[in-house]
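Report on the structure given below.
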């Protein structure tokens, strides 16, 4: 089974192996998905830069892919990772650290 990239990008929800904490949300195009499968590290597509990026390539805060889950519509994916260092560029463990209610 493979994601449906007919719209170009799919959301990739990244969770931490063990805790299942949601670490971040990013987007993958087909090339990022294939590179993720090939390298077992997360690759995403930057909508602002319009280019691929490898999580942790410059910061060292890499994500090692443990498993991938495809949703029922085949248009979003959950990436289960072993996270090295913080996932968020702010230095927080997760990008979801602002509590609203």
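Yeah, the Cβs are placed from backbone N, Cα and C, and that goes for glycine too.
As given in Swiss-Prot:
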type    : residues   : note
BINDING : 71, 73, 75 : Mg(2+) binding site
BINDING : 72, 88, 95 : Zn(2+) binding site
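Structure with Swiss-Prot features highlighted.
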{"residue": "71", "record": "Mg(2+) binding site", "contacts (Cβ under 8 Å, 6+ apart)": "77, 78"}
{"residue": "72", "record": "Zn(2+) binding site", "contacts (Cβ under 8 Å, 6+ apart)": "none"}
{"residue": "73", "record": "Mg(2+) binding site", "contacts (Cβ under 8 Å, 6+ apart)": "4"}
{"residue": "75", "record": "Mg(2+) binding site", "contacts (Cβ under 8 Å, 6+ apart)": "3, 4, 7, 10"}
{"residue": "88", "record": "Zn(2+) binding site", "contacts (Cβ under 8 Å, 6+ apart)": "23, 24, 94, 95, 97"}
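In the shown protein chains, 17 other C-beta atoms lie within 10 A of the C-beta of residue 95 (Zn(2+) binding site).
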